[in-house]
Every structure is written in structure tokens, then in C-alpha cells.
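Please read the structure below before turning to the comments.
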Amino acid sequence: MKIVVLAGGRSTERNVSLTSGHKITHALQTKGHDVAFVDLFLGNELKDGATIDSLYSSDPVEKDYDIDDEVLTDDDINKLREDGSTQLFGPNVLEICKTADIVFLALHGGDGENGKVQAVLDVFEIPYTGSDTLAAGITMSKKVSKEILLFNNIPTARFVAAYRHQPMPEMPFEYPVVVKPSNGGSSVGTHIVHNEAELKPAVEDALRFDNEALIEEFIKGREFSLGVINEQPLPAIEIEVNDGWYDFEHKFVTGNTTKFVTPPNNLPDDVHEAMKQMALDAMHALGLTNYARIDFFWSPETGLYVIEGNTLPGMTPLSLIPQEAEVLGISYPDLCEMIVNGKLALLNEK
């Protein structure tokens, strides 16, 4: 099968995406597929006589790509392109994608995950992994997705929204609170705020990455994540951070300070099963298909709360879904192929 792995792009999570993309490329090549790795934003100018066919390879040569702990801004990323243009799709990206049997979306955050890329691929009838345009856009907006979850009686933290050049909203809950960009991921621009003095700087920082920020009530409890592949829930994974909380650095850089436990210790079986069902309920409410990840808080006192859904979960060595799949004996290459085959099966049902 000819597969394009689309990664990078223009997002604060660009570096995470590149790491996921290189790992996915290598994994699918080990399964015998012809794979082309393409950076959404930089594209490929096909210089020196290169052709689109020459970009594909089934030779699994693994490329190490360390995640830079620096969060890139749009200006930083725009400087990577020689011609200075800022359009989302780089040179020849669409032409390359048109030659594939399916595009594996290894994009994270921003325009890579908010439905824009999916919409363009839909226009050209190019198959791709993950959820469709509408579900991607809904889930990328934490505000909209939380409203949908609440409408469907799926527990999630209460919140208010803050905007640039607008008065700070009144909060119907006490400190501490969580401040985050409404459209973002990997905990970029996210803060735990303990008092009024910390609130304004935290909101201002979150608004550097988006024009809308959420102020959420802080839910005290253990943090879990649960992936779903082709309607099958994986075992939950518990995230234990030795110092601080599960921010960008803990997620992708300093893995030694974060402990992942799957299946979780001392999690009642009935709670684990309820978490699996709630993950499916959240996916269905948000319209997610193929694969996704749902994050939770739980304690005996508060019960289960959905934090958010993730339409294109990370696939780096420290990412959660690969670790959950491994518990079931699913190797990383098999996991990637399951995602591809699952999406093709969905498309064939239409």
C-alpha cells in the first residue's frame, strides 16, 4: 500500500508531530508498505530531478528526531520556509497526497488538528486516518467540545471563557483553577492558578496561543488516559508526575520524571469499565471515529470527569496510546497498521 505520512505543519506542536511522523513512517515501512514522509508546511520542491514516486520507500531506515522543548510560534515556523510565504500547504503536498492510497495524519494541534487539513483532503477525495472534518473542528475547540459533553450528560469540568481586550469573566467556582488555550494541545500555554494575582498573567499567556482561553474549575483526582482504536477501548493508563503536573515538558521531554502505569494500580474494576464506556460515549458525542484518546480525572470523592478528547493523539515513544496498546500485545507497527486498515474499512462501508 502507498501511504503518505503527513507531519510537521504550522503548530505549537510541530516538533511533537515530526517525531510522531518519523516513528509512524518507520513502523509502516517495517510492515512492507511504500511510505513517503511529508512535512505539511515545508512540502517538497522535488529538486535535482526528484519525482513523487522517488519519495516512497519500503526500506525501514529509522530516523532519530529529538523533541525540542522550545515551543515554536507561527513567526518561528514561517521563517523555516525560504520564500517567506505562510500558506498552510507547502510545495507539492497535495500532489504527493493524491498519489497515496491513504494519508496517515501525524499532525498535532493548530491547523493540523482543527479540521482545515481534513477539509482540503475531503475536497480532493483523498482518504486519511482519524476523524472527519466536522469532528476534528469540534474537538479541537475545548469550549465547543465541553458544551457538547455537558449536553450529553458526560461529566466535565465547569468553565468560563476569556478573550483578548475583554474584561475578565466572573468565575462561579473557587481557586485553584486551570487556564488553557481553547484551541491547543500538549498543555502548551496551560497553567494551574492558585489565586487572583496569578490569574491575569496566566490568561494572557494562554491568549498568546489562541484568541480564546478557558478558565476551568480544578478537579482533584488521579489522571488517566484511555485510547480507543476502531471502537475498541484500550486499557487505561495512569499518569503519575513526580514533580509538578503533566505539562509539555513532562509529556515529551523529561520522561524520567513521569511514570505511566497501565493497567493502573488500585483502580476498581467497575471504575475501569465505566471509564471505557465513557470514552466510547464521549467519542460518539463528538463524532470521533477510527482512533482517538479521551483523558480523565477520577477520585472516589468526585467520580469520573472527562478532561478532553484528542482526535490525533501523539505517537511518540513517550505517547500514551502506544503504551496502552503494548499491554494488549499490540506492537507499534501493528498499531499503526490497525489505524490504517480501520479507516479504510470505515470508508468502504459508505
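Glycine residues also receive a Cβ, built from the backbone N, Cα and C atoms like all the rest.
Positions annotated as domain 'ATP-grasp' by Swiss-Prot: 146-341. Under the heading ATP binding site, Swiss-Prot lists 172-225. The Mg(2+) 1 binding site annotation in Swiss-Prot covers ASP295, GLU308. Taken from Swiss-Prot, the feature Mg(2+) 2 binding site applies to GLU308, ASN310, supported by sequence analysis.
Recorded features from Swiss-Prot, shown on the structure.
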{"residue": "PRO172", "record": "ATP binding site", "Cβ contacts under 8 Å, 6 or more apart": "ARG158, VAL160"}
{"residue": "VAL179", "record": "ATP binding site", "Cβ contacts under 8 Å, 6 or more apart": "THR190, HIS191, ILE192, VAL193, LEU199, ALA202, VAL203, ASP205, ALA206, ALA213, LEU214, ILE215, GLU216"}
{"residue": "LYS200", "record": "ATP binding site", "Cβ contacts under 8 Å, 6 or more apart": "MET168"}
{"residue": "LEU207", "record": "ATP binding site", "Cβ contacts under 8 Å, 6 or more apart": "ALA162, TYR163, ARG164, PRO181, ALA213"}
{"residue": "GLY221", "record": "ATP binding site", "Cβ contacts under 8 Å, 6 or more apart": "PHE297, TRP298, SER299, GLU301, THR302, TYR305"}
{"residue": "ASP295", "record": "Mg(2+) 1 binding site", "Cβ contacts under 8 Å, 6 or more apart": "GLU223, PHE224, SER225, LEU226, VAL306, ILE307, GLU308, GLY309, ASN310"}
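Counting other C-beta atoms within 10 Å of each candidate's C-beta, the binding-site residues VAL193, LEU214 are led by LEU214.
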